[in-house]
Structure formats: C-alpha cells, structure tokens
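J.: Below is one structure. I have some questions about it.
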Amino acid sequence: YKLSVAPEMDIMEYCRKEWRGNTPVAKRMRKGYEAVARKFASIRRVRGDNYCALRATLFQALSQATQLPNWLQSEDFTMLPENLLSKYDWIKQWQLKQKLGRKMGEISEEIKEYLILLRKKWKNISEIKGPIEKQEACDKLFKNEEEEYSLYEALKFLMLNTAIELYNDDKNGRRVPVFSWLLFARDTSSNPCQLMHNHLNHIGHSGGLEQVEMFLLAYALQYTIQVYRLYKHSTDEFITLYPNDPEEDWPVVTLITEDDRHYNIPVGMCQETML
C-alpha cells in the first residue's frame, strides 16, 4: 500500500533537508518554517497528487474530530444527490472516479454511497477517545485507497452543493460571502454548472484546488482552514484563513503550503494555539 500521509518528522529537520541553498527563496522558506516551528513540533508530508488539499484538510479534520458535525447528522444528508439531480439535470455529467468493471449505474446511488461512507468514518473516528488510537484509525483510513478516494468524491459533491446554495442565495438577493462573487466572477465558472465542468470534475485528475476553491471547501465542511503560506513569510498573507471572517463555532484545521498548490500537515502543537 502507499501511505497517503507520511509519518511525523521534525519540522526544522525537514526544512533543512528541503531548503539547503542560500537563495532568497530558500532563506524565506527557512524563516517560514521557523515561524511554524514555534507552534508545531512536527510535519507530515501529504502525497502530492491533485487531491492533496482535500486530503490534508480531511485528515486534519478527522484526526481532531470529537463529534459528528451537525450537517453530517441531518436526515436528508444522504438524499442530497437524488434531490440535486431532480432539479439540475446537468449533474449527470459529474465525473465519477474511474472504477474498473463498474457499469455506469445511477450516479446518485454511487455518490450516496460516498456520503454514507463519509458519515460512517467521521462518526467512528470521532468516537475514539485516546489520541494514539484516533491517530492510528486515521492512518489506517488513509492507507485504504478505495475508501480514501471515495471520501474525496463526497467532499467534491458537498462543494458543488455549497456552490449551488451560494449561487441561488445571491440570485435571490440574500447576503453571500465575498469569495462567492469571486468564484462566479471567473470566466470558467460563471454558474455552478460551469464550476462543475471546468473545475470540480478536474480536481484529483488534472488539477488541484485553486485559492477561491479553498474557501468553498471550508464552507462545505463548516471548518476554518488556517494555512501557513511559507512563500508569503513576512507579509500579512503568511497566515491565511479560509474563510477570512470565520464563524466562531467552526473548528479549525491547520495546513502548510510552500506554493499554494501542495499542502502538508503540521502536528504536535507546542502550545494551545488559538486563532
């Protein structure tokens, strides 16, 4: 098996290995890692395919989960694919992950399975009390490719659902977060259908998450994603929050990126970090 999230390594040791030279970039990265190391002891490398933003975020969310989020508990959660497909015919063109020997069955049934799996795994892991056992359960899940990639499909579908809600809210004159305007101001995603075709369908295959889609992921999960953006060290964008005006009751997950494309995970807080 391939491990999707590598074992812990000391942050400064990792930094010394990766950034040896004396170029301005290397110096900035080292300063960035030093700043992270004041809060976190170790880093876990995340496998660098086009799912890495989803992988890093979900791994962090699950490894600190103590309860099932409200949106995962709702009765109609698993009816989401059916409900959306009944209103939007174009969702039939959702790009499902390729499984060998799978007949093109009902797309809503397959996505429903992914959503049920997400709820089940989240519930099981959140009920584990001991931190070591919880971590072992997460590691085990992220070694199981079949399940792991099914969970990313569930997350992508939740992102689509959130995008549709925001788009409709805006059309109906309700207040929406600023990122929602930016999301639909792109030529390639002026509505949810285009967003699906040109962006969500490609995540994991030919592209990762763009910045504005990190906001969408945060809203879909109702989590604040805090990112140390190392190449922005010594600017006010060094620590970026998605969304930048988070709801107070949303849990926080922390990621590290060197380039806004690949994300790793800091672990082992040196002290209680508060936003």
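The backbone N, Cα and C atoms fix where each Cβ goes, glycine too.
Residues or ranges marked as active site in TrEMBL: Asp49, His262. Residues or ranges marked as active site, nucleophile by TrEMBL: Cys52. What TrEMBL records for Glu237 is site 'Linear diubiquitin binding'.
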J.: Just name the most isolated of the recorded positions Asp49, Glu237, going by other Cβ atoms within 10 Å of its Cβ.
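T.: Per-residue Cβ counts within 10 Å for the recorded positions Asp49, Glu237 bottom out at Glu237.
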J.: Could you tell me the C-alpha distance between His262 (active site) and the residue listed as 'active site, nucleophile' in angstrom, no decimals?
T.: 6
J.: Which residues of the same chain, at least 6 positions away in sequence, have a Cβ lying under 8 Å from the Cβ of Cys52 (active site, nucleophile)?
T.: Val46, Gly208, His262, Tyr263
J.: What's the CA to CA span in angstrom from Asp49 (active site) over to Glu237 (site 'Linear diubiquitin binding')?
T.: 25
J.: CB neighbours of His262 (active site) within 10 A?
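T.: Around the Cβ of His262 (active site), 18 other Cβ atoms lie within 10 Å.
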